[in-house]
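These features come from Swiss-Prot:
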- 22, 54, 73, 74: substrate binding site (BINDING)
């Protein structure tokens, strides 16, 4: 069984882009993440260890977006996908 968790509208300030101004001035990035997971065990046990910690996912995405700059948004998205 698969469940889907949506974390939508996460806003972070980052310095990504191919243009010098994007890296110098930065901008707001709005990130949506969709996680496909099996939460069957969490539903049975009521134990937080059996689920996804939304706060940790948020912090992981925040650290990536607010971290070292990327020229391409595609590269930034790949870094997020690999981490979560």
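Each Cβ is built from the backbone N, Cα and C atoms, and glycine gets one as well.
A map of Swiss-Prot features onto the structure.
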{"residue": "22", "record": "substrate binding site", "DSSP (3 states)": "helix"}
{"residue": "54", "record": "substrate binding site", "DSSP (3 states)": "helix"}
{"residue": "73", "record": "substrate binding site", "DSSP (3 states)": "helix"}
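Binding-site extent for substrate: residues 22, 54, 73, 74, maximum pairwise Cα distance 29 Å (rounded to the nearest whole number).
Neighbour counts were taken at the CB atom with a 10 A radius for the binding-site residues 22, 74; the maximum falls on 22.
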